[in-house]
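*Asks:* Heads up, here are the entries from TrEMBL:
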BINDING   197, 199, 204, 246  Zn(2+) binding site
Ligand SMILES: O=C[C@H](O)[C@@H](O)CC(=O)C(=O)O
Ligand SMILES: [Zn+2]
């Protein structure tokens with residue numbers, strides 16, 4: 001069985017009262033990418049699970065964790081994988097999928113043996129993993145660079161010029177509820193997801209990477225009229241409750257992977273906040 005940490009769901013009323021460290025303990029996930037081991041964070045928001053694995057000395061198998069009370073990890077779940085490192089492979093019940101830098105794999109419910117490996121220990125794969133409960137077995141599918149849906153958002157004038165890449169969304173691959181993609185901020189811009197939004201029917205997790213050494217991203221959360229911030233370093237993730245905005249501004253440009261789960265699969269189903277009404 002794999003190791004795991006549990007994060008409970010909390011109400012906006014109680015979150016208002018948290019100090020800096022309490023807010024971090026509740027929502028921030030530090031050192032997501034672990035070398036040669038897989039340690040899950042199990043959130044009670046939509047039972048979303050987050051981990052990162054870097055196989056260097058050995059291959060790593062996907063193992064169940066005790067709270068699932070399941071014989072194998074994907075007995076009642078689906079899994080999304082985005083590789084942000086060197087070339088790697090994911091073996092799913094004997095089928096080998098090669099994942100290059102910034103390629104993804106969707107693994108459906110029911111697969112029993114999933115193994116993560118790197119092609120080279122000098123430039124290992126870095127697999128970022130999100131998993132959600134699933135009710136139906138959809139086929140496992142690789143999402144290569146050419147399969148991704150790319151959209152350009154924002155503008156330099158508003159410091160939010162960015163490229164958004166949809167990997168695991170229902171127009172690209174059949175899924176039960178998981179959605180994943182990657183957004184890269186352009187040089188000179190700093191803001192992601194501005195104008196900010198909420199989607200009370202869906203939770204979200206942001207994983208910040210490609211944050212240069214000695215730089216940071218200030219992540220904003222909370223209800224639109226009651227916001228808080230969390231300073232984040234490279235390789236850290238943050239859980240966004242359904243009632244919370246999730247937007248960040250970096251001291252340089254950066255990238256992040258977003259993963260969502262909840263009521264529907266409509267990527268554009270957001271309640272956008274008026275920038276000058278945020279508090
Ligand atoms: O609900 C959608 C998610 O918050 C992200 O896809 C938003 C994002 O990457 C951006 O605007 O920069
Ligand atoms: Zn969102």
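Cβ coordinates are placed from backbone N, Cα and C, and glycine is handled just like the others.
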*Asks:* Highest CB neighbour count within 10 A among the binding-site residues 197, 199, 246?
*Replies:* 246
*Asks:* Have a look around residue 204 (Zn(2+) binding site) and count the other CB atoms within 10 A of its CB, chains all included.
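*Replies:* Around residue 204 (Zn(2+) binding site), other Cβ atoms within 10 Å: 24.
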*Asks:* Starting from the Cβ centroid of 197, 199, 204, 246, which together make up the recorded Zn(2+) site, report each further residue of the same chain whose Cβ lies within 8 Å of that point, ordered by sequence.
*Replies:* 193, 196, 198, 202, 240, 244, 245, 260, 270
*Asks:* Hey, does DSSP put residue 204 (Zn(2+) binding site) in a helix, a strand, or just coil?
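*Replies:* Residue 204 (Zn(2+) binding site) sits in a strand per DSSP.
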